[in-house]
Every structure is written in structure tokens, then in C-alpha cells.
Amino acid sequence: MIPIKMNKYFKKSKKIRKYNNYVEATHATLSIKKIFGMAVFEYKTTQGTIVSKFTYWGLVCFLFWYSLFIYCAYTAYTKDQSILRLLYDTKLKQYGDDYERIATTIYVAYAMWKLPFSLNANTDYVQNNFDIDKSIESLGVSIDYDKFAIRALIFSLSHLLVFFARGMCMWVTIGHLDTKVPHERMFQVAYTDVIALMISGYYCFSVATLRERYSMVNSILNEIKEQKCWEYSLFVRGKPTNMDKTVELQEQYICKKIRMCAKIHCMLFKVSKRLCDIFGFAIVVTMFFSFSVIVLYMFYFMEATASCLFHDLRMYVFFLMYVFWQTAYAISVVFIIVLFSENAAQVGSHTANITHEIINADLSPSITKEAMQLSLQLLHQVPTFSCCGIIVDYACLHSGGRSVVTFLVILLQFVMDA
């Protein structure tokens, strides 16, 4: 898209970068993923093509964490280990813990297959992102992959932070009791929290990347609307002999740029649908699991408060710490999934507004015609994030909240009547 004569114009604004593409930027966090057993495959770029490579170190770490979790889950079940019942003897007795053990075991077993094998072996999705970045850079937009790499590193380190913070929270709540600490149950709970963060984090990281690319397309169209793109200053220093030819050349490049924006937006739309296909079931399971945890622990809180556990203030405070972490963490997981999806959809939908402003602006007929073609395309490609038929937006969050209240009332009536 950039003329050869204009290469020097753009080279001045480009910085020397440590990472040159999407794969190199995310490769910096590969060691952390391998340690957690989340990277059995790694990506490599060979002449612009993305290929996946099997890693033995990633497989060894995966087998270690998987075996450790199965051992802890089995031990916690056979010994009937419980953290909550050490703090408060609920009317649900062992049934609440049994449900939680079964749910966490099934969820982690699925996630431990989904993350290292299904996601990391999907080269088509990464190749599409790689091609989108090349198309955006062909329009003269510089993508800061160093910033992208820092964001990926922070995301990976947050898993370690959550794991140790969760373990510390449980240790503080039950460490003062004159009883044996259920280490296996503690590991099972902490590792489940990390897995839920990984699933939601991978999804939100990918959605945030799409949002940033949508924003770049919007910036390019905004420059065209405000007549600030480089095509309008192409012949500023020189004195063109034929002004009509100059205007025609400017319009030609601007029309090509609009067509390129339409192509990139189409690629982004396809990638967003591909992203929903990859993560759809995992996100639905994660949200369902989080909502069930909220219902269960809100019931524990209401039951303990109604039974006047607060008379033993010290025990009640430790009980609140444990319950608050469970409910707040589950709410946070659901909220960030909805928040990132909604923000990306809003930025992607804003492209249509900018396109209509270009149509209504006082520009040439050829530019207006290209903008109208783009507007027609955007009419059929409205960005939404749908997981297994469920649109992930604020309405979904409201429906989830109503479901939590409904099931909580049913559970309270069932237990109180019994």
C-alpha cells in the first residue's frame, strides 16, 4: 500500500524493536507456560508461516501437574478433607464438598486438555493474527510488539501470584486451628483457581488483541475522515505541474486504503468467530462453574450468619475471609470475561460510525463510493462474541446474576425445609 518513494518517510518514524511479530512477542512467556504444564506445543515462524513444535519439557511438566492434581483430588476425597467444615459445620454436611470436588475435578481435567493441546496446537488462529498484523503494517501503522510482550509476561506472572495468594489465604484461615492442615485439599482448590484464571485470561488476552487491531483500523479511517493521512501531504514539498493528476493520485491511494481496511476488518471478523469457536465451550463451562461456586458459598455465608456464628468473632472473621475469596474470585472471573468481550465488540462496532462519517463528509465521489461499500460490508459483519450460542455481554451478566439469586433461594428453601 505504501509507494516505494515514500519508504523513507515511514522509516523515520519506525523504532528499532526487539520483537518483530506476534509469535516472537508471546514466545517470551513460553518458559512460564511450560513450567505450569500449559505448553506442550510451541509456535515457530518459518518464512511467514506458523508451525507448531512438540516440546518434551512441556509434556513432562504437564504430566507432573496432572498427576499431582489427580493424587490430591483422590486423597481429599478418600479422607473427606474439607476447609469450610473446619470453620463452620454447615447443614449440607459433606454434600457441598462432594459437589465441589466432582465439579473441580471434571473442570480441571477438561481444562488441562484444552489449554496445552487444543489451544497451543491451533496454528490456524495464530497464522490469522500474524497475517492481520502484516496487513496493518502495510498501511504504515507501527505495532508495538515490545508492549505486547510485556503485557503477555504480566499475564503469565499473574498465575503465580494467584496461586500463592490463594494458598496464603487458606493458610491464614485454618492455620490457627488445632487440627491437621488438609494440604491436598488446599492444592486442589488453589490449582483450580489458577486454571480458571488461565482459561479466562487466555480468552481475554486474545480478545484484547482483537480490540487493539480494531482500534488501529478505526484510527486509519479517522485519519481519512479528518484528511490527516499521509496521502494528503504527499506532494506538499513539491510543486505539482498537474493539480488534477495529483488529486486523482491521492484519491487512488485513499480508495486503496479504504479497501485494505475493509479487508482487514473482514479478517478480524473471521478471527473473532474463530476465537469463539476455540474458546466457546471452555468459557461457558468456566462461567457455569463460577456461578455454581457463587451460589454454594453465598449459601454458606447466609447460613452461618443466620446461625449466629458472628458470636465467635474470631472464627467468623476467618470464615468470611475464606468465603469472600471464593465468591469474589468467581465473580471476577465472570466479570472480566464479559468486560473484555463487551469492550472489543464496542470498538469493532465503532468502525461503522466512522465509515458513515466519511460518507457524509465532503470528500470525492470515489472515496464516498468505497466508504459505502465498506458500510455495506459492516452491515453484515457486526462483531459479537458468542460462546455456544450465548452472547457474552452485559445482558449475559445480568441473566447470570438472576440465576444465582434464583438457585440460592431454592437451595435455602430446600435445606431449611429439611
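Any Cβ shown, glycine's included, is placed from N, Cα and C.
Look at TrEMBL and you will find 21-41 (among others) tagged as transmembrane segment.
Annotation comment: TrEMBL describes 56-77 (among others) as transmembrane segment.
The feature transmembrane segment is assigned by TrEMBL to 152-174 (among others).
Annotation comment: TrEMBL describes 186-205 (among others) as transmembrane segment.
Sequence-distant contacts of the transmembrane segment (278-301) (same chain, six or more residues past either end, CB-CB distance under 8 Å): 84, 88, 90, 92, 96, 99-100, 103-104, 107, 110-111, 114, 118-119, 122, 125, 196, 199-200, 202-203, 206, 320, 323, 326-327, 330-331, 333-334, 337, 386-388, 390, 392, 400, 403-404, 407-408, 411-412, 415. Residues or ranges marked as transmembrane segment in TrEMBL: 278-301 (among others).
The transmembrane segment annotation in TrEMBL covers 313-340 (among others).
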Restricting to the same chain and to residues at least six past its boundaries, which positions have a Cβ under 8 Å from a Cβ of the transmembrane segment (152-174)? 25-26, 28-29, 32-33, 36, 83, 86-87, 181-182, 186-187, 189-191, 193-194, 197-198, 201, 205, 318-319, 321-322, 325, 329
For the transmembrane segment (21-41), what are the same-chain contacts with Cβ under 8 Å, counting residues 6+ beyond its ends? 50, 52-55, 57-59, 61-66, 112, 115-117, 120-121, 126, 129-130, 133, 145-146, 148-149, 152-153, 155-157, 159-160, 194, 198, 209
